[in-house]
Amino acid sequence: MAQRTLVATFFLIFFLLTNLVCSKEIIVGGKTSSWKIPSSPSESLNKWAESLRFRVGDTLVWKYDEEKDSVLQVTKDAYINCNTTNPAANYSNGDTKVKLERSGPYFFISGSKSNCVEGEKLHIVVMSSRGGHTGGFFTGSSPSPAPSPALLGAPTVAPASGGSASSLTRQVGVLGFVGLLAIVLL
C-alpha cells in the first residue's frame, strides 16, 4: 500500500513539474532589439508572431529603452487605431514580461502613438490552454467572468494541424510511460 501511495505522489509531482517546464519565455521579435518601428512590412512583428504557437502559460518578454518607449496592452479597436489613451495595461520599465493567462487574441502597441502608426505593434493569438481552463483575465487567480468581447476582438483561432505535438499529448505520453514503468517495477 505504501508503494502505491509513493507512486501516486510521484505521478502528481511529475505532472505538475512537466506543466511548469512546458511554459516558456518568448522574446518579442526573437531578439532584444525588436520592439521598434519595422524597417519594412516583412519585418513586422506580426509576421514574426505568425510563425509561432503561443500557449496559455507562456510569457512574452520585451526589451526596450524605457526612456523612449513603452508597451500598451489594448483592445482590438485601439490596436487598429493606435489609440494610446486608455490601455488595459501599461508597461514602461524597459524589461516587460506579460504572462499569457488565457486563450484568444492579445493586442499590444507602442506607448508612442507615432511609433504605433508606423507599425510598432503586435497581435498574437494564444492557443487554448492545456486542459480547457483559461484562468483569469490578466492573472492566474480563480476563475473570473469572461473578458470583455471588445478586448478580445476576434474569435479564438484553432491550432494549425500538422505541427508539433501539443504539451498535453506529450504529458499524457510521458505519464503513460512512467505509469507502465511503475507497474512493471512493482
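These residue numbers are counts, starting from 1, taken along the chain as shown.
Using N, Cα and C of the backbone, Cβ positions are placed for all residues, glycine too.
Pulled from Swiss-Prot:
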type     : residues : note
SIGNAL   : 1-23     : signal peptide
DOMAIN   : 24-128   : domain 'Phytocyanin'
DISULFID : C82-C116 : disulfide bond
CARBOHYD : N83      : N-linked glycosylation site
CARBOHYD : N90      : N-linked glycosylation site
LIPID    : A165     : GPI-anchor amidated alanine
Query: Hey, how far is N90 (N-linked glycosylation site) from C116 (disulfide bond), Cα to Cα, in Å?
result: 14
Message: Can you break down the domain 'Phytocyanin' (24-128) into helix, strand and coil residue counts using DSSP?
response: 23 helix, 36 strand, 46 coil
Message: I'm checking region-level scores; what's the whole-number mean pLDDT for the domain 'Phytocyanin' (24-128)?
response: 96
- prompt: What residues, ordered by sequence, lie under 8 A Cβ-to-Cβ from N83 (N-linked glycosylation site) and sit at least six positions away in the same chain?
  reply: V74, D77
Message: Taking 10 A as the limit, how many CB atoms besides its own sit near the CB of C116 (disulfide bond)?
response: 22
